[in-house]
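According to Swiss-Prot, the feature domain 'ABC transporter' maps to 2-236, an assignment based on sequence analysis. Here Swiss-Prot flags G34, Q35, S36, G37, S38, G39, K40, T41 as ATP binding site, drawing on sequence analysis. Annotated transmembrane segment per Swiss-Prot: 265-285, 519-539, 571-591, 604-624, in sequence order.
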Amino acid sequence: MIFLKNICKNIGENAILKNVSLSIEKGEFVAIIGQSGSGKTSLLNIIGTLDTPSSGTYVFDEYEVTKLNNDEKARLRREKIGFIFQRYNLLSLLSAKENVSLPAVYAGKKLQERSQNAKKLLNDLELAHKLDSKPNELSGGQQQRVSIARALMNGGELILADEPTGALDSKSGIMVLEILQKLNAQGHTIVLVTHDPKIAAQAKRVIEIKDGEILSDTKKEKAQEKLTLKTMSKEKKTLTLLKNQAFECFKIAYSSILAHKLRSILTMLGIIIGIASVVCVVALGLGSQAKVLESIARLGTNTIEIRPGRGFGDLRSGKTRLNFSDLETLRSLEYLEAVDAHSNTSGVATYTNISLSARAEGVGVNNFAIEGLRIDAGRILNNDDVKNSTNVAVLDFNAKKNLFPDEKSENILGRVVLFNSQPFKIIGVLQKDTDKPIEDNVVRLYIPYTTLMNKLTGDRNLREIIVKVKDDVSSTLAENAIIRILEIKRGQKDFFTFNSDTFKQAITANKRTTTILTACVAVIALIVGGIGVMNIMLVSVSERTREIGIRMAIGARREDIMMQFLIEAVMICTIGAILGVILSIFVIFAFNTLSTDFPMILNAYSVLLGLLSSMFIGVVFGFFPARNAANLNPISALSKE
């Protein structure tokens, strides 16, 4: 079963083992005896594949161990070797049953099978009443029996016992030795390390070692051969194995988080703030953008203004005129929903003893709908008003507020105001326009454009033509077509256009840029939180080094250890993300309750993005600590206090 030839182990210039050669047959009960520093524990660690010899040959069950990789050695420990340690090496967060079941988890056995086997083993060792007890609730003898049960969980063809009675009282020590003798009688191969000759005398073969060399090798009787040993087959990673690994990792991660509540919460704080920031920033951006777009919609969506000149501020624009012929040409275009004229002039509005600087806006019937103006009382202009150049006016909110400060809108209908000495009957009052990007204090009277031309300015030319494009038509294509048609009609391009969609796109682009910049701040907060997670995971690896060594000793592969700490990092980040989302929902609710300017809009995609990014942060910042844990040397890890 075990064949060692010329095994040497050097640490620096110190020779721990010197050309050790021995063979152990299956079913033997061997005691390796020697004083402290003799090399007996180093020899046991090499036999148990926890350590690697500096030179020599080691064959276990027809496999040359010195040529196996780390995962193959882990499989050998998992399937054929059981360890019994002097200090028990039970995981403090797990119950007795869970500790015993652990090797079967890494072997890919199902939960029910693991549970039944663990109960049977503990029952055989008279611990049926301690299944759910944690190690700190057990006596030393009971803990050692749990350790023995764990060693037998996957069969334990070879039991390696390192000073198994060293930390026990004499009664418990005798019980442990009796258990080992019974196991040997059943066919298990036992290799026991001790410094006590009385304990060594219980074995059927005693090997004495001193200063790294074998002094004597005494056999008492032939070895038992009751076990039918299996040769190692190629390991397959089944779905059950992966499920068991993941479940165990989640359980350990959850227990670890609960065991250090305050530390875990402080670690999550960075993630919570980062995720809440991401969700709130997106909600704020969506809310403000929706408000602006709504305002633009009320100001007039898909609208195009045509004005004389080559652009805003053109000094020669006064020499250029738009006329009714241009207006009729545009009205004939089928892709335009509405077309109307617009002119204005400044003057003085008077009512009784109140006189104000004001502007008369000469508009048509469609202008109110095109510009998104909403009536508060009365009516808007109709076709008869425009056709007959009637002296009627619709006051805006500023005009009503300044000319009739203490009266309701409906009470001033029918009254007459003067504009540049011309009387105008009030037929309507507009609502306050809260959707303008920039609020102004201009007093406006909306009158028929024909009235403005015929009775106020005498100018038959139009200052502006405003059109509304149909919803199913691209405003950009419509604008290009209008420019081309008017250019052909007028013989030159002596006019310019302003498309409301250009303003809308500029606002949207500006909001997008602002959102991206603010999101960058939130991402930085997430990264800071991720660094906090990495820091605490490094601390966790340092604190749990011994646990890692124990898991490796019972057969955990490096990928099992790595998965465990990665899942723990991801779990911390995910819980932090969920708490961050909950916090953001409260913030959004509070903001929407207290603020009337614009709402914060919770977006499902931002929540999903937050959760996914937190998992990504967990993987990225958990990888380095997890890799450190997976690369630990089992012997160094087990010796860590």
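Each Cβ is built from the backbone N, Cα and C atoms, and glycine gets one as well.
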Other same-chain residues whose Cβ falls within 8 Å of the Cβ centroid of G34, Q35, S36, G37, S38, G39, K40, T41, the recorded ATP site, in sequence order: H195, I209, K210
Sequence-distant residues near the transmembrane segment (571-591) by C-beta distance (under 8 Å, 6 or more away from its ends) are 250, 253-254, 257, 264, 267-276, 278-280, 283, 529-530, 533, 536, 599-600, 602, 607, 610-611, 613-615, 617-618, 622
Given the model, what does the mean pLDDT over the domain 'ABC transporter' (2-236) come out as? 85
Please give me the CB contact count at 10 A for G39 (ATP binding site), counting all chains in the structure. 22
Which entry in the list of binding-site residues, S36, T41, has its Cβ near the fewest other Cβ atoms, using 10 Å as the limit? S36
These are the binding-site residues: G34, G37. Which one scores highest on other Cβ atoms within 10 Å? G34
Which one of the binding-site residues (Q35, S38) has its C-beta surrounded by the most other C-beta atoms within 10 angstroms? S38
